[in-house]
Each structure stands twice: as C-alpha cells, then as structure tokens.
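Undergrad: One structure, pasted below without further comment.
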Amino acid sequence: MPVLHPLPPALREAAALLRLGLPVIAAQLAQMAMGVADTIMVGRVGATELAAVAVGTSLWNPLYLFTLGLLMATSASVAHLFGAQRHAEIGRLVHQALWLAAALALPVWALLRDMGAPMHWLGVDPAIVPVAQDYLDALAWGVPAAFLYVVLRFANEGVGATAPAMLIGFIGLASNVFGNWLLIYGHWGLPALGARGCGYATAASLWLMLVLLVRLSAQQPRLAATGLFARLERPRLDGLGPLLRLGLPIGIGIFAETSIFAAIALVLGVLGAVVVAGHQIALNVASFAFMVPLSLSIAASVRVGHALGAGDARAARRAGDVAIALCGVCMGLSALTIYNAAPMIVALYTSDAAVAALAVQLLGYAALFQLSDGLQVGAAGALRGAKDTRVPTAIMLFAYWGVAFPLGYGLAFAGGLGPRGLWTGLIAGLTLAALLLNLRWQHLIRRPRSTP
C-alpha cells in the first residue's frame, strides 16, 4: 500500500489561501459586473444618461473606496482576535465598526446629494450635470447599507468565512439587473426613470445585500461566540480610536492608488476622445486582471492576522510569503495572456481602428506592470494582516504621487510620448511600490515583536 506523505507547509498554506481567496475573487467580480450592467443598460437610453452615470460613479467611487479602506481595519482586527481565541471581544469591536460606518454614511449621503457645484468646477457638460445629480440623489439612499455591509463582510472575512459575500454578491448582481430593467426602462407600470432609476436600483440592491448578510452572519458558526448579535454596545472612544488609527492610513493608501488612475484619465482628456477611449479599454482590462491578486491579498491579511493573533510568527511569515508568491504567479500568467491576446481582447470592446490600435499598444504597457502590481498588492495585504499600515501608506503615496504621476506627466507632455508616457510612469511607480512594500514586509516579519 503506498504511503501518502503530507503536503509541504508552503503547499498547505497555498491551499488555505485559495480556499479563502476564491470566494473573494467571485464576490469582487460580481461587484464589477454590477457596474458593467449599469453601463450597458443605461447606455441604451442615451449618451447623456450614460455620461451622467459615468460622471456620478467617478464622484461616488473615491468616497466609497476611501471609506472601504478605513473600515478594512475591521478585518485585520477581527483576524487577530480570532487567532488569539478572544472571541468575546470580536462582537464588541464589530459594534464599534458599525457605529463608525453609520457616522461616515451621513456626510457621504449629504455630499452625494449636493454635487452640482463640484461638477461645474470640474467642467462637466452643463447638460449632464442635472442628470448626474439625479443619479447621485437616488444612489445616496444606499450609502448606509453599503457601509454597514462592508463592516459585516469584513467581520466574516476576519473569521475566515468568505463564502457569504460571494453568494450575496451574485444575488445583488441579479437584483441590480432586475431593478435596472424595471426602473431605467419603466416596466410593469413603473415610470421610466433613466439614470435616476439606475441609482435607485443600485440602492435597493445594497439594502437587499445588507439584509441577507445580517441573516447569514447570524447563522455563521464562527461568529456564534462573539456576541455580535447580542445587545448593541454604545460607541466608545477607546473602541473607535484604534479602528481609526489602523484604518485611516489604509483608506488614504487606497485613495492614493485609485486616484492616480482618475488623474491620468483627466489629464488624457486634453488629448482627445480616441486617446481617452484607448486608455479606458486598457485600464478596464488591467482592472479586471487585478481582481485576482487583490482577492488573494485579502485572504493573506486574514491568514497573517490569524497567525499573529495566535502568536505564531513563523506561520505568519509563511502565509505572507506564499500569498505574495501566488499573486506574482497569477499576474505573471496575466501578463503573458494580455501581451499575446491583446488584439483579440480589444476587439471585444471596439471596432474603431484608431482606438483599437492605441488600446493594443497600451495593453503592452499593462502587461509590463502586471507582475509589479501583483507583488505590491500581495505585500500590502500581508502588511495589513500584521496591522502595519502607516509605513505602507507612505510608500504608496511616494510611489504613485512622488514618482509615477510626475514622471508619467513629464514623459507624456515634455517628452512627447502622450498616453504611453503616463503608462510608463505607472510601470515605474508600481515597480517601486512592489520593491519597497516587499522590503517592508521582510523587515517587519523578521522582527515579530515590532508588529503593532
């Protein structure tokens, strides 16, 4: 009878990361698909409605992503407590995170309801402004649900339960498509609301997703001993303070990374519609590929947090190293795919020869930064799991805004490279971020006592 040898520790860790990460990948793709569905369905109404939703989304996304990053402290903190078997403290921590989410929802709701002036300052076409404001007025009603959902999702992920968000993500996608069909076009006797209907459909889907996650969380065995659904604790400064200290740098870091892509899109606007369209196609493909290492980095944060919470620095180092390696392998394969299949990929987006030619060229640049992008996000996830957020945020601010943008801008305009110059800047910034974040991880994990 053959003897079955146990898997090496690194392979066991890779399997554990994939078990956690694959449902997160599916949930992220479902969330992306909601945006794609909005674009396709509202685009059939007219160009003004499509532009209005695009503008509204570009204003909502930075606010959402900053808050998402801030609340991401929930996942790392819960993971540490779960690893340390301090289950009773998890419920109290999540209660404080829920209060923080509710407090953040109010100003964001108010901002979305009054975006007319910022749109005028940004030079948005006056014909688009009122339609975009209609969309944001409707979407704003879903903000509290979005933020509360994020906290409960991170609480589940912190204890290693990633399947609920995947299931609910697909239900939310179906709900959003159905709501769009009803409210954008006016079926079943309802008025055709166009862009406003798209906002209401998204808001309704967010509330449905929150209700479903509350129900599934109440049935989650790993949360049973946490007291999460016992009497809600009042907000406490000593509970909110640690979340803000840990989460604020994460929010700033995510904002720094995402805002550079928005800034590049705005800068490219002066070069004409063909350049903007080609850039958007290449960026969309790169963003889609990024969902895989991003999800693995979330799993890495949980695994590292569990290990450090249990006092096992060796397991934490293995979890982080394996996650970074997996992210690198995935993005290496992504680079090969994008480079070799660029013309076929672009053909799915456009038949315009000029746009397609530029998009194919830019995808060549995207292929070059895939590996760096994977390595930087993998290291960032491992560092979040170690509750190390301030230094990584400083690294990201320097790499993106101190190197990538000024270098890219100079190459684009002073160097005459146009969009290729800006994408060259991205390659430089992401490569620098990958190098510095990985050096930070190796430095930190060799000194476990310095981990916050």
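In case you wondered, yes, glycine gets a Cβ from its N, Cα and C as well.
Here's the feature list from TrEMBL:
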TRANSMEM  63-82  transmembrane segment
TRANSMEM  94-112  transmembrane segment
TRANSMEM  138-155  transmembrane segment
TRANSMEM  167-188  transmembrane segment
TRANSMEM  194-214  transmembrane segment
TRANSMEM  246-275  transmembrane segment
TRANSMEM  281-302  transmembrane segment
TRANSMEM  322-341  transmembrane segment
TRANSMEM  353-372  transmembrane segment
TRANSMEM  393-415  transmembrane segment
TRANSMEM  421-439  transmembrane segment
Undergrad: Count the CB pairs under 8 A between the transmembrane segment (194-214) and each of 138-155, 167-188, 246-275, 281-302, 421-439, then give me the winner.
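TA: Going through each listed stretch, the top one turns out to be 167-188.
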Undergrad: Do the transmembrane segment (281-302) and the transmembrane segment (63-82) share at least 3 Cβ pairs closer than 8 Å, excluding pairs fewer than 6 residues apart in sequence?
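TA: When sequence-distant Cβ pairs are counted, the transmembrane segment (63-82) touches the transmembrane segment (281-302), since at least 3 lie under 8 Å.
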Undergrad: Do at least three CB pairs under 8 A connect the transmembrane segment (246-275) and the transmembrane segment (63-82), leaving out pairs fewer than 6 apart in sequence?
TA: yes
